Amino acid sequence: MKIGIPKEIKNNENRVGLSPSGVHALVEQGHTVLVEKDAGLGSFFEDKDYKDAGADIVSEQSSVWDVEMVIKVKEPLEEEYKYFKEGLILFTYLHLANEEKLTQALVDNKVVGIAYETVQLPDRSLPLLTPMSEVAGRMSAQVGSQFLQKFNGGMGILLGGVPGVPKGKVSIIGGGQAGTNAAKIALGLGANVTILDVNPKRLAELDDLFDGRVNTIMSNPLNIENAVKESDLVIGAVLIPGAKAPSLVTEDMIKQMKDGSVIVDIAIDQGGIFETTDKITTHDDPTYVKHGVVHYAVANMPGAVPRTSTIALNNATLPYAQLLASKGYREAFKANHALSLGLNTYKGHVTHKGVAEAFGLEYTSVEDALKED
């Protein structure tokens, strides 16, 4: 199979779809890999590293898209839509429930859109989302602490406190991979940490995991309101695979927070859980202030630590990329049901229910869509 690795063009997106080791693995299987010139520089991979791994380096962006499968990190931007074509396999994070234009472009051009974030194992875990959830979760506590500093617009709080001064209060809404990793870092910084989740079993697991060092609370509107208004830092880490994130924190709740407190919305790429995160920010300009509260709403948080993120992502995605390249998508879906759940668009159909519901589009099951070929 002929595979393309474009250079990411999203603001400060320094990750790359495959590392040189991933390219080497595919070339060893007999596939041809085209890598756009300088695609790996943001992750400190040189063109020579890719060439030594067996890739062909191409200067024209159009050439790297003129392939059978494109492997990326983030969803294509509008200037890349012109490269879409019928039957192209697009393997990347798509987050379509918050991307109506992209969804329509994929449908109109009959692209086979496979989203990392909806590949799901029988135990309901998300193997291609997990590594980036771990990174974003850990980063959320770090950046939250950073923006609590006075010169960054915060109230000037040290999360760990000092003797005689209370610790900062951190509330994390969502106890999945991102929320758990946020709690690990927040605890490491010495904060007073509360996790809210709708699943009592998960709260019990978190209580055991952290040896009772975090407060675990059932997530409901009243508990969220009480936690939010008392917190110095609130981290939103709720995920519904493939669907738009639920709006859990209202504007009235935000108004009750102290001036200079901070919210970090990890779920912003799926629409966000805070009513006041009404715009996506970038690493160049990551925050804005609303009702006195610093809002951090960067959709590609792991792009700030690209070396770690690229290697972690490559470790997870490579086996699926190898399967797609070696068998083609039809046989790959038959061989791996988890991968078939990643199919969001297929030759004019929307094949993920959450995406279809987000925009009032007709939903076609993966099985039915494949039958129409």
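The count begins at 1 with the first shown residue.
Positions of Cβ are set from backbone N, Cα and C atoms, glycine also.
The DSSP secondary structure for HIS95 (active site, proton donor/acceptor) is coil. Other C-beta atoms found within 10 angstroms of the C-beta of HIS95 (active site, proton donor/acceptor) number 25, with every protein chain shown included. The active site, proton donor/acceptor annotation in Swiss-Prot covers HIS95 (among others).
According to Swiss-Prot, the active site, proton donor/acceptor annotation covers ASP269 (among others). Cβ neighbours of ASP269 (active site, proton donor/acceptor) (same chain, under 8 Å, six or more residues apart in sequence): TYR93, HIS95, ASN98, ILE280, ALA299, ASN300.
ARG15 (substrate binding site) carries neither a helix nor a strand DSSP state and counts as coil. Residues or ranges marked as substrate binding site in Swiss-Prot: ARG15, LYS74.
Its Cβ taken as reference, ALA299 (NAD(+) binding site) is surrounded by 24 other Cβ atoms within 10 Å in the chains shown. For SER133, 177-178, ASP197, SER219, 238-239, 266-269, 298-301, the entry in Swiss-Prot reads NAD(+) binding site, with the evidence type similarity to another entry.
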Measuring Cα to Cα, tell me the gap between ALA178 (NAD(+) binding site) and LYS74 (substrate binding site) in whole angstrom.
-> 18
Just give me the nearest neighbour of ARG15 (substrate binding site) among the binding-site residues SER219, LEU239, MET301, Cα to Cα.
-> MET301
The answer, for which of the binding-site residues ARG15, LYS74 has its Cβ ringed by the most other Cβ atoms inside 10 Å, is ARG15
Please compare the binding-site residues SER133, SER219 by how many other CB atoms fall within 10 Å of each one's CB, and tell me which has the fewest.
-> SER219
Tell me which residues of the chain lie with their Cβ under 8 angstroms from that of ALA267 (NAD(+) binding site), as long as they are six or more apart in sequence?
-> GLY174, GLY236, ALA237, VAL238, LEU239, ALA245, ILE273
